[in-house]
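Just below is one structure, and these are the notes that go with it.
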Amino acid sequence: MSEISLIMLAAGNSTRFNTKVKKQFLRLGNDPLWLYATKNLSSFYPFKKIVVTSSNITYMKKFTKNYEFIEGGDTRAESLKKALELIDSEFVMVSDVARVLVSKNLFDRLIENLDKADCITPALKVADTTLFDNEALQREKIKLIQTPQISKTKLLKKALDQNLEFTDDSTAIAAMGGKIWFVEGEENARKLTFKEDLKKLDLPTPSFEIFTGNGFDVHEFGENRPLLLAGVQIHPTMGLKAHSDGDVLAHSLTDAILGAAGLGDIGELYPDTDMKFKNANSMELLKQAYDKVREVGFELINIDICVMAQSPKLKDFKQAMQSNIAHTLDLDEFRINVKATTTEKLGFIGRKEGMAVLSSVNLKYFDWTRL
């Protein structure tokens, strides 16, 4: 049995997919797409090593200890070159995680022809009339190249060392004078590029699990600046001490959302030792945090917030706070509730030394079936 390693490319920005969630994090059941695709291929062969390129290594490592992860580059070629640094097997199979339904039959065709050339690649024939600049092409000579592809590792490394931009491994190998062998591709191995492609593939739908997160934050009064809660000015001078603008509600809510998604906490994302966050707009930081949560496949169900303050009174500001949160997070206002309470003059809150906020949120997987 030939020694083969597997590289799965999962560091793309999903620009053409045109949704808030990166396509590699779409959920198929409970698995993100990148994991589902990798499990599928890894079930076909005892690979020496499996390497996944990533734009979020810390988060992806939470799903499995069976693979190695490496930060991707700005392009496919850069990501592949970095991943190849971890590969020492004679052959390497490379696939895009967006080709999620590669079959065992296609996989076997690649393996069976391993000794035929320097790169073995699946290809589809073109059935439709094809024009280039309004001139008909000979469709018999056209091939639609797919992945996975198997290459001789040393030759692929040498090809990528040219620092040219190749869109797949076969063109890189061919540029080095290497021999390419084509096997029959398949419709199910078409790349998931646009959101409309989801309707063409028979994929498992997202799980209906709900993920709950809580966030708690406390700040002391003492800054002669506006007191802000959810970006709403509550008082012109009763500001809270903080590295940022002191919006304790926004901080609490940010922590709750990050926690529900398993993405750490606000201190990791926006450390108070970083001067670029000095006096930062906390509602803008909240939006950025939620964008990260959406990128990895989640969306908000509802938000419930309890503000604890002896003073000032917040009754007249709750509606404005709810509206501002809804606008910032692009969420229906009926899904947001803001409550206010005192501590009956007990503790530091009762002594009017500061205030605290407890936020709770529920997330669900992004439902791509609605697209």
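Cβ coordinates come from backbone N, Cα and C, glycine included.
On a predicted model such as this, the values are computed, not experimentally measured, just so you know.
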Identity of the divalent metal cation-site residue among His243, His251 (reference: Asp217, His219, source: Swiss-Prot)
His251
Cα-to-Cα gap, Pro271 (4-CDP-2-C-methyl-D-erythritol 2-phosphate binding site) vs His251 (divalent metal cation binding site), nearest whole Å
12
Neighbour tally for Arg139 (site 'Positions MEP for the nucleophilic attack'), based on other Cβ positions within 10 Å of its Cβ:
13
Counting Cβ atoms within 10 Å of each Cβ, the densest environment among the binding-site residues His219, His243, His251 belongs to His251
Under a three-state reduction of DSSP output, how is Lys23 (site 'Transition state stabilizer') classified: helix, strand, or coil?
helix
Return only the integer: C-alpha distance in Å from Asp217 (divalent metal cation binding site) to Thr342 (site 'Transition state stabilizer').
16
Within the same chain, the residues at least 6 apart in sequence whose Cβ is under 8 angstroms from that of Lys191 (site 'Positions MEP for the nucleophilic attack') are Asp96, Ala98, Arg99, Gln146, Thr147, Asp197
